[in-house]
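**Student:** Below you'll find the structure I mean.
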Amino acid sequence: MEEGFIYSKQGLGQTPISTHPLRHNPQKHPQKHPPNQPLILKISRFRLFLTFLWFIIREVMIFMFGEAWARMTPYPDNINAKWLRGTLRFLNFGQPFGIKEHVVASQIASSGNNGLSGVEVYAIERLFYDRSISASTAVLATFSISLCGFVLAGILRPLIVYPAEMVYWATLPQVVLFQNLHFDRIANRERLIKFSWALGFALVWEIFPSYMVTWFGGLSIFCLASLKAPIPTRSVFRKVFGGASSNEGMGLLNFTLDWQYIQSTYLSLPFKQQINTWIGYFIWYPVMLSLWYGNVWGAKTFPFMSASLFSANGTSFSTTSILTSDNVVDGAKLERVGLPYLTSSTVWGFFSQNLAIGALITHVLIFYGKDIILTWKQARARTQPDPHYQGMLKYKEVPGWWYFVLFGLTFIAGIMVTAKGETTLPVWGYIISLLLGGFIAPFSAILVGLFGNGIATNQISKMVAGAVHPGRPLANLYFASWSHQVILLAVGLANWLKIGQYTKVPHRVMFTTQIYGTLLGAALNYVVMTIIVTNEREVLLDPVGTNVWSGSSLQSMNSQAITWALAKDMYSLQSRYFIVPIGILIGLALPVIHWGVNRWSPRIRKWPINTPIIVSYSGASYFGITSFIWSSITVGVFSQLWLRRRMPHIYNKYNYLIGAALDGGSQIIIFVLSFAVMGASGKEHPFPKWWGNPSGNPDHCMSSSE
């Protein structure tokens with residue numbers, strides 16, 4: 001048994017529960033939540049790899065403002081006017097800034113990303129379809145997409161919130177930060193000082209790899225060794241070892257020193273989760289090379305890695321060239337232009353996503369089925385043994401009808417939008433999208449709660465959309481947006497309800513706060529998207545992108561929407577990419593095989609194998625930057641296998657705290673640099689080129705233009 005851990009045998013696979021930083025205290029209840037990313041994600045979604053405004057900036061700034069508010073505002077009892085005293089108390093004048101206030105403020109700030117799925121669709125419409133939606137559609141669709149999944153979190157609370165086994169591992173750094181900001185401030189002074197030093201170091205350091213010395217974004221001995229090599233050799237080395245630029249290569253033994261890509265996730269995720277991701281990565285390397293050098297799916301005609309669509313001759317495929325003015329596929333135009341093609345990396349990425357979706361369903365049913373039933377019965381009988389849950393019984397629960405009323409409002413808003421016709425998604429298709437998301441959400445929430453990380457489930461939304469709406473890529477985008485958002489919102493709200501359970505914030509406060517924060521952030525999301533798409537349009541449309549900006553994520557979403565709109569021609573049994581939809585059927589069988597092997601060999605049963613995560617990571621990096629992979633593995637090995645076992649006291653005291661500081665410092669600087677020098681404000685100020693900041697790929701592997 002690992003130090004600092006006990007094993008709960010109440011159900012859900014005997015999941016390890018941390019006892020140190022998540023210590024239970026009647027007055028000190030730490031919490032965990034997923035890395036939500038309101039503003040910077042809107043910026044970084046267009047960068048070469050998804051970078052996240054983790055909770056750190058929010059929590060530190062909220063703490064500073066909260067403390068200032070408490071100290072600088074007058075104490076209500078010192079005011080003579082009775083009516084004014086009540087108002088000041090309501091506004092929290094002169095009151096101590098406690099952990100509950102901090103949690104509520106943080107939830108408001110984090111809820112701004114709940115409408116991200118809709119904003120992505122609006123961005124794709126602007127970039128690839130040369131159109132903008134009307135204000136009424138934007139308001140109603142954003143409202144519906146942003147809140148439609150909350151009802152599932154409410155219904156599934158006994159399963160995905162109440163059990164102690166639902167840990168949400170990736171949120172542990174925030175737990176420690178909250179504790180150190182609010183509990184035993186005098187005793188924690190030393191740790192707060194170290195947090196400040198680490199934050200300051202990250203603030204200074206991040207300027208170098210992200211702006212002045214971009215070579216730090218990808219240190220590769222092999223890239224440097226190939227500088228004087230022949231072009232064919234350099235080309236091979238770029239594909240295998242390059243990874244500092246978007247879609248450059250696989251990044252084998254390429255290490256980044258840029259913390260914005262590493263992040264504290266791998267300081268907090270348990271070893272059982274990380275080893276599954278590592279297995280997936282090691283499958284990915286030989287598969288990618290085999291597909292390319294075997295010229296599978298005509299791989300050599302197209303870039304080694306790219307999420308864009310291509311014509312048969314390898315040039316970029318124009319989405320609008322096959323669509324009518326109503327954004328429906330025109331058969332005559334399609335016959336003249338020809339079907340779009342995908343890179344081999346993209347096909348494998350789509351296939352692995354489907355493998356993971358199929359495996360997710362059977363894995364949860366086979367390995368957690370009995371425990372799910374037990375956990376549900378305990379929650380319904382209010383006998384769940386978790387001390388945090390027992391401590392919440394004194395608060396009024398959120399009535400079920402609250403969730404259903406909210407869902408009713410979002411459902412009506414969605415009906416109004418789809419009936420209007422601007423989205424090209426019919427009303428019946430909208431209803432199917434919600435039903436599909438509702439089916440997948442419980443499986444995804446269980447995996448995230450137990451392992452701290454989930455899998456990409458949006459591929460199945462695209463598949464079903466293509467089947468029910470052939471020839472309508474825009475309808476597919478909206479279908480997938482609603483369907484997948486149901487899953488994301490259910491998981492996200494479950495995380496925050498768990499936070500409320502740890503910190504003893506009343507259920508009803510958590511519910512209303514989430515709604516308020518979501519609506520408040522929706523407008524900001526749309527504004528930031530408009531600014532970025534307007535100012536960086538050319539780069540976002542480039543299939544490769546730069547080491548600063550890239551539209552790879554949006555290109556991938558659009559590629560899936562287009563290709564699934566042509567599902568009969570591209571994914572049927574007689575078509576080029578028939579293997580992609582079959583991935584779900586194959587994935588369904590993988591946990592069954594795993595279960596059979598466990599029955600045959602009890603020794604293997606002890607191994608923490610999770611087939612959905614393994615197959616998901618075997619294709620998760622089919623586009624974007626890849627130099628983070630080996631750095632994240634190194635961080636995970638250091639934290640979970642060495643520090644935690646050899647020096648558990650230091651691990652418990654500083655591991656999450658230092659990770660939180662590094663996250664916060666790096667993301668603050670990225671936010672500032674994005675607007676100050678990287679072009680988010682409309683004008684770019686690049687750092688002068690030199691050996692450490694080359695004009696080509698930062699890791700000095702050959703660029704695709706050479």
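Quick reminder: no glycine exception, Cβ is built from N, Cα and C everywhere.
Sharing the features that TrEMBL gives for it:
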{"type": "REGION", "residues": "1-35", "note": "region 'Disordered'"}
{"type": "COMPBIAS", "residues": "21-32", "note": "compositional bias 'Basic residues'"}
{"type": "TRANSMEM", "residues": "46-66", "note": "transmembrane segment"}
{"type": "TRANSMEM", "residues": "133-156", "note": "transmembrane segment"}
{"type": "TRANSMEM", "residues": "192-208", "note": "transmembrane segment"}
{"type": "TRANSMEM", "residues": "275-294", "note": "transmembrane segment"}
{"type": "TRANSMEM", "residues": "347-368", "note": "transmembrane segment"}
{"type": "TRANSMEM", "residues": "400-419", "note": "transmembrane segment"}
{"type": "TRANSMEM", "residues": "431-456", "note": "transmembrane segment"}
{"type": "TRANSMEM", "residues": "477-497", "note": "transmembrane segment"}
{"type": "TRANSMEM", "residues": "509-528", "note": "transmembrane segment"}
{"type": "TRANSMEM", "residues": "577-597", "note": "transmembrane segment"}
{"type": "TRANSMEM", "residues": "617-643", "note": "transmembrane segment"}
{"type": "TRANSMEM", "residues": "655-680", "note": "transmembrane segment"}
**Student:** As a test: from 133-156, 275-294, 477-497, 509-528, 577-597, pick the stretch that has the greatest number of Cβ pairs under 8 Å with the transmembrane segment (400-419).
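**Tutor:** The stretch I would name here is 133-156.
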**Student:** Check the transmembrane segment (655-680) against the transmembrane segment (192-208) for contact, please; criterion is three or more CB pairs under 8 Å, pairs 6 or more apart in sequence.
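**Tutor:** Yes, since the transmembrane segment (655-680) and the transmembrane segment (192-208) share at least 3 Cβ pairs closer than 8 Å, they count as touching.
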**Student:** Can you name the far-off residues of the same chain, 6+ from the ends of the transmembrane segment (133-156), with a Cβ under 8 Å from a Cβ of it?
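**Tutor:** Residues 114-115, 117-119, 122, 125, 398, 400, 402-404, 406-407, 409-411, 413-414, 416-417, 420, 422-423, 434, 437-438, 441-442, 445, 478, 481-482, 485-494, 497, 511, 514-515, 518-519, 522, 525-526 contact the transmembrane segment (133-156) from elsewhere in the chain.
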**Student:** What residues in the same chain, six or more past the boundaries of the transmembrane segment (275-294), come closer than 8 Å to it by Cβ-Cβ distance?
**Tutor:** 239-240, 250, 252, 300, 304, 344-345, 347-348, 451, 453, 608-610, 613-621, 629, 633, 636
**Student:** So if I exclude everything within five residues of the ends of the transmembrane segment (509-528), which remaining residues of that chain have a CB under 8 angstroms from its CBs? That is, six or more out.
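**Tutor:** Long-range Cβ neighbours of the transmembrane segment (509-528): 38-39, 42-43, 104, 107-116, 119, 122, 138, 142-143, 146-147, 150, 154, 398, 402, 406, 493, 496-497, 499-500.
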**Student:** In the same chain, which residue numbers or ranges, 6 or more beyond the ends of the transmembrane segment (347-368), come under 8 angstroms Cβ to Cβ?
**Tutor:** 12-13, 287-288, 291, 297, 307, 440, 442-444, 446-447, 450, 455-460, 463, 556, 560, 577, 579-592, 594-595, 610-613, 615-616, 618-620, 622-623
